[in-house]
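Annotated in TrEMBL:
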| type | residues | note |
| --- | --- | --- |
| BINDING | GLY10, ALA11, GLY12, LYS13, GLY14, THR15, ARG127, SER136, TYR137, GLN199 | ATP binding site |
| REGION | 30-59 | region 'NMP' |
| BINDING | THR31, ARG36, LEU57, LEU58, VAL59, GLY85, PHE86, PRO87, ARG88, GLN92, ARG160, ARG171 | AMP binding site |
| REGION | 126-163 | region 'LID' |
| DOMAIN | 127-162 | domain 'Adenylate kinase active site lid' |
| BINDING | CYS130, CYS133, CYS150, CYS153 | Zn(2+) binding site |
Amino acid sequence: MKIILLGPPGAGKGTQAKQISTKYNIPHISTGDIFRKNISEKTELGVKAQSYIDKGLLVPDELTIDIIKDRLDNEDCKNGFLLDGFPRTVKQAEALELFLNQKGDKIDYVLLVKVPESSILERMTGRRVCLKCGASYHIKFNPPKVLGKCDACNSDIIQRKDDSEETVKERIDVYNKQTEPLIEYYDDKKIMHSVDGTQDIEVVFKSISDILGDN
Ligand code: AP5
Ligand code: MG
Ligand code: ZN
């Protein structure tokens, strides 16, 4: 199964991705997590990406597209994958489509997680993340079992630098201008399904499972 998770910052893409990846046994590929790992390891890519991410802007397509192509060529993507945070521009979507077409492949599902702007700020400012495994928590809506520690891998959880109020507002603006056109792009291809992301985490997951089925 080849799936794209689409939705504004804080929609719950990462939260749902962890559960989908486990249930359907497909790798969870988050461009945001890949960039953050590179930033923490101070790689050349990390240094380049950080200047954009800290401002809430998109990392240029040229950098992002090649990373995804490399990742999708890995053996573990043969039977499917779950893309979280990619594509984010029409140019990225076209590059992905061409790349898959050349292998005789295509995306099966695009899941649009819908959350109004009014909920996003509270979700983002209360979010804590694990830099090691990418798990997301929320101090109120989804707290970890042990304060400050990741349930999955016991590493420290931290607040993302781009989760400040000012940067979140910029990210929402960038989403509206650069990513929202993808809704029409995928709607035209008749592979898009909308999910109400304002429901409880488990209810959102149930809605997604109903769309994807049991296999
Ligand atoms: P990225 O890491 O992808 O950030 P994002 O898209 O802004 O999305 P988030 O990770 O902030 O939100 P999410 O939907 O995953 O929500 P989560 O599950 O954590 O990208 C970061 C940056 O990297 C970008 O700004 C850009 O610079 C760069 N980048 C990445 N990909 C790129 C690309 N393709 N091209 C160019 N640049 C790129 O949940 C949020 C919070 O809400 C959590 O606290 C969670 O616990 C809580 N929550 C989740 N679900 C619920 C629920 N149902 N009810 C209540 N609370 C909930
Ligand atoms: Mg995320
Ligand atoms: Zn972890």
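Backbone N, Cα and C define each Cβ position, glycine as well.
Taking the features listed in TrEMBL, we show where each one sits on the structure.
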{"residue": "GLY14", "record": "ATP binding site", "Cβ within 10 Å": "20"}
{"residue": "THR31", "record": "AMP binding site", "Cβ within 10 Å": "23"}
{"residue": "LEU57", "record": "AMP binding site", "Cβ within 10 Å": "16"}
{"residue": "VAL59", "record": "AMP binding site", "Cβ within 10 Å": "19"}
{"residue": "ARG127", "record": "ATP binding site", "Cβ within 10 Å": "22"}
{"residue": "CYS130", "record": "Zn(2+) binding site", "Cβ within 10 Å": "21"}
{"residue": "TYR137", "record": "ATP binding site", "Cβ within 10 Å": "20"}
{"residue": "CYS150", "record": "Zn(2+) binding site", "Cβ within 10 Å": "22"}
{"residue": "CYS153", "record": "Zn(2+) binding site", "Cβ within 10 Å": "12"}
{"residue": "ARG160", "record": "AMP binding site", "Cβ within 10 Å": "17"}
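DSSP gives ARG88 (AMP binding site) a coil state; it is part of no helix or strand.
The region 'LID' (126-163): residue composition by secondary structure is 3 helix, 12 strand, 23 coil, according to DSSP. Cβ neighbours of GLY12 (ATP binding site) (same chain, under 8 Å, six or more residues apart in sequence): VAL113, VAL115, ARG123, GLY197, ILE201, VAL204.
For CYS133 (Zn(2+) binding site), the spatially nearest entry among the binding-site residues GLY10, THR31, LEU57 is THR31, judged by CA separation. The shortest Cα-Cα distance from CYS150 (Zn(2+) binding site) to any of the binding-site residues (GLY14, VAL59, ARG88, TYR137, ARG160) is found for TYR137. When the binding-site residues GLY10, ARG127, TYR137 are screened for a C-alpha within 10 angstroms of the C-alpha of ARG160 (AMP binding site), the residues that qualify, in sequence order, are ARG127. Confidence annotation: the region 'LID' (126-163) carries a mean pLDDT of 94 in the model. Put simply, CYS153 (Zn(2+) binding site) is 28 Å from VAL59 (AMP binding site) when counted between their Cα atoms. A Cβ distance below 6 Å to any atom of ligand 1 is met, among the binding-site residues ARG88, CYS133, CYS150, ARG160, by ARG88.
Candidate binding-site residues: GLY14, PHE86, ARG160. Not one of them has a Cβ under 6 Å from ligand 3. Listed in sequence order, the binding-site residues among GLY12, PHE86, ARG88, ARG127, CYS130, CYS133 whose CB lies under 6 angstroms from an atom of ligand 2 come out as none at all. Note: the CA-CA distance between CYS130 (Zn(2+) binding site) and LEU57 (AMP binding site) rounds to 22 Å.
Annotation for PHE86 (AMP binding site): same-chain Cβ neighbours under 8 Å, separated by at least 6 residues, are ILE4, ILE29, SER30, THR31, THR64, ILE68, GLN92, LEU96.
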